[in-house]
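Presented below is the structure to which this report refers.
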Amino acid sequence: MKICIFFTLLGTVAAFPTEDNDDRIVGGYTCQEHSVPYQVSLNAGSHICGGSLITDQWVLSAAHCYHPQLQVRLGEHNIYEIEGAEQFIDAAKMILHPDYDKWTVDNDIMLIKLKSPATLNSKVSTIPLPQYCPTAGTECLVSGWGVLKFGFESPSVLQCLDAPVLSDSVCHKAYPRQITNNMFCLGFLEGGKDSCQYDSGGPVVCNGEVQGIVSWGDGCALEGKPGVYTKVCNYLNWIQQTVAAN
């Protein structure tokens, strides 16, 4: 799920996480099998969100993806078939950022502790946290099992999208008075390529580091409305302190 904000799906003030949100890859391509080994699927009876494996026992996702009963599925490519590389591990703890605001979608970040450590291998591995914040023009990889077109069913296999980080000025112009210092935009102003429903919580990886979390947007792949992502670099202390304390 990706957050829909009304007025105009992602309008002026209110943000509502719904199961018909806007977060799956539109205009991307099928990822090479197991080429995104840090990608996880959050399952609450079915796939609801993505996430990133950052240690063998911790997953990074979006706060709006919270569900009281989550199973983390690692090593997935086709989420509707058992292919042999999967590891299904229940969540032991889900820790939302204490300042998460569901109305503004600020601080849209959550840590999930697995009940048991994942077995790391070529098909299940971790992604490093960033050393620096992303800069405009940086090419990044977004991945997920979100819908290929807004309102349609999700794909069975993992989708990828290569997209650039946009400048703060472009981001603020696209979403006046909605972008906080904890958000950044990524994508194409001409539309046609974007994350969408059920990509939420998934990774944005730039230069081998997880720089973003799929968070919200106005529809999917609309002209002038790029995707908005949680800026992971702002949360390094919180992540490190939370992991150490739990």
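Counting starts with 1 at the first residue shown.
Backbone N, Cα and C define each Cβ position, glycine as well.
According to Swiss-Prot, the protein carries these features:
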ACT_SITE  His64  active site, charge relay system
ACT_SITE  Asp108  active site, charge relay system
ACT_SITE  Ser200  active site, charge relay system
BINDING   Glu76, Asn78, Glu86  Ca(2+) binding site
DISULFID  Cys31-Cys160  disulfide bond
DISULFID  Cys49-Cys65  disulfide bond
DISULFID  Cys133-Cys233  disulfide bond
DISULFID  Cys140-Cys206  disulfide bond
DISULFID  Cys171-Cys185  disulfide bond
DISULFID  Cys196-Cys220  disulfide bond
DOMAIN    25-244  domain 'Peptidase S1'
SIGNAL    1-15  signal peptide
SITE      Asp194  site 'Required for specificity'
* Of the recorded positions listed as Glu76, Asn78, Asp108, Ser200, the one whose CA lies nearest the CA of Cys133 (disulfide bond) -> Asp108
* Starting from Asp108 (active site, charge relay system), work out which of the recorded positions listed here (Cys31, His64, Cys65, Cys171, Cys220) have their Cα within 10 Å, and give them in sequence order. => His64, Cys65
* Structure fact -> Within 8 Å of the Cβ centroid of Glu76, Asn78, Glu86, the other same-chain residues by Cβ around the recorded Ca(2+) site are Ser41, Arg73, Gly75, His77, Ile79, Glu81, Ile82, Glu83, Ala85
* Within 10 angstroms of the C-beta of Glu86 (Ca(2+) binding site), what count of other C-beta atoms is obtained when all protein chains are considered? -> 17
* Structure fact -> Under a three-state DSSP reduction, the secondary structure at Cys233 (disulfide bond) is helix
* Among all chains shown, work out which of the disulfide-bonded residues Cys133, Cys140, Cys185, Cys206, Cys233 has the most CB atoms within 10 A of its CB. => Cys185
* Asked: Using C-alpha atoms, which one of the recorded positions His64, Glu76, Asn78, Glu86, Cys171 comes nearest to Cys220 (disulfide bond)?
  -> Cys171
* To do: Compare the Cα of Cys185 (disulfide bond) against each of the disulfide-bonded residues Cys31, Cys49, Cys140, Cys233 and report the nearest.
  => Cys140
* Does DSSP put Cys49 (disulfide bond) in a helix, in a strand, or in coil? -> strand
